[in-house]
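**Student:** Here you go, one structure.
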């Protein structure tokens, strides 16, 4: 039974009438462009075929009833006429409540909804299960009540909910790719203008995500430190963001900067340039050049931004040794654990899976999780 069938069956069973709509919003993986989003730079993610699915129907009153199928059918119920506050014990509820609260501030021409939610985006793997949930909930209200909101507005609404209601800092990339993703394409996103250009993926290439299953511990504190270091760099150049600094300008005065800040700045500037070039390499089907850019990106994250860990570097080395120059691999996500992403010809996937299975656990003592994904469509009815 797929997620649509599961949520529709549960909806009818619990609410006693059939759902009118089923909405999905995908998770994502970022192919290249790491820690560039909050520097107003470029990212190149694609939506993946793991998603949050919501079966739903409008109500004729002002109540929102939500069932979380993946949390033992826990229930949340709240009114649109009372102030929406955080739920004491159910963290998942706060993503739903936050999205609805921020939607009210944008366009409150909507009424109550019944919904049943289920998803298969792996949690804690850095594949944006939370953004997928936020975009799915926003799309439910937009579709049921014909709200005049586009994908970018639904994405911004989800980001606001996560930053201000849930209380977790994030850039805009995760929500934007979930809302705007396009089947068989990646999206080159300008994080300053929110402009997005669809970039076709070469045929016969698999998007492979391998979770190191190394538990991230430093990610919050170190993430904030990196942001501060980038802001320090932008102030040094008297620019609003590192997006506005050229590599030439940086190289001319790099020695005057604090050495650690200089390394952080160099990563962001070089990563932005790599990301823009990667989009054109993908479009041309030049997997060899894409692989070189991904390798440079990983080295920059390891040596200049210092956000990789030995387990991740080991995974990258195993994959690279298997594929040679027929594709690319790098860490993806915030760092300090999490996943690597690889672009690999489909016929090489079994060899990569076998090499990782034979070597990774032997070298690290941890068993990996292996996902083979397809670049998928963004949020909408399913």
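For all residues, glycine too, the Cβ spot is worked out from N, Cα and C.
Keep in mind that this is a model prediction, so the values were computed, not measured.
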**Student:** Of the candidates 145, 223, 360, which does Swiss-Prot annotate as part of the substrate site that also includes 34, 35, 36, 37?
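**Tutor:** For the substrate site that includes 34, 35, 36, 37, Swiss-Prot also lists 223.
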**Student:** Specify the count of other C-beta atoms within 10 Å of the C-beta of residue 35 (substrate binding site).
**Tutor:** 25
**Student:** Counting other Cβ atoms within 10 Å of each residue's Cβ, which of the recorded positions 34, 37, 162, 174 comes out lowest?
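**Tutor:** Fewest other Cβ atoms within 10 Å, among the recorded positions 34, 37, 162, 174, is found for 37.
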**Student:** Determine, for the substrate site, the additional residues of the same chain whose CB lies within 8 Å of the mean position of the CB atoms of 34, 35, 36, 37, 223; present them in sequence order.
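**Tutor:** What remains near the Cβ centre is 33, 38, 39, 43, 171, 226, 268, 334.
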**Student:** Note the Cβ centroid of 124, 125, 126, 127, 128, 129, 130, the recorded ATP site, then list each other residue of that chain whose Cβ lies within 8 Å of it, in sequence.
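**Tutor:** Other same-chain residues near the ATP site: 27, 121, 122, 123.
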**Student:** So if I draw a 10 Å sphere around the Cβ of residue 128 (ATP binding site), how many other Cβ atoms end up inside it?
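**Tutor:** Looking across every protein chain shown, the total is 29.
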**Student:** Rounded to a whole number, how many Å is the Cα of residue 174 (active site, proton acceptor) away from the Cα of residue 130 (ATP binding site)?
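**Tutor:** Just about 9 Å between their Cα atoms.
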**Student:** With H, G and I counted as helix, E and B as strand and the rest as coil, say where DSSP puts residue 128 (ATP binding site).
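**Tutor:** Note: residue 128 (ATP binding site) is coil by DSSP, not helix or strand.
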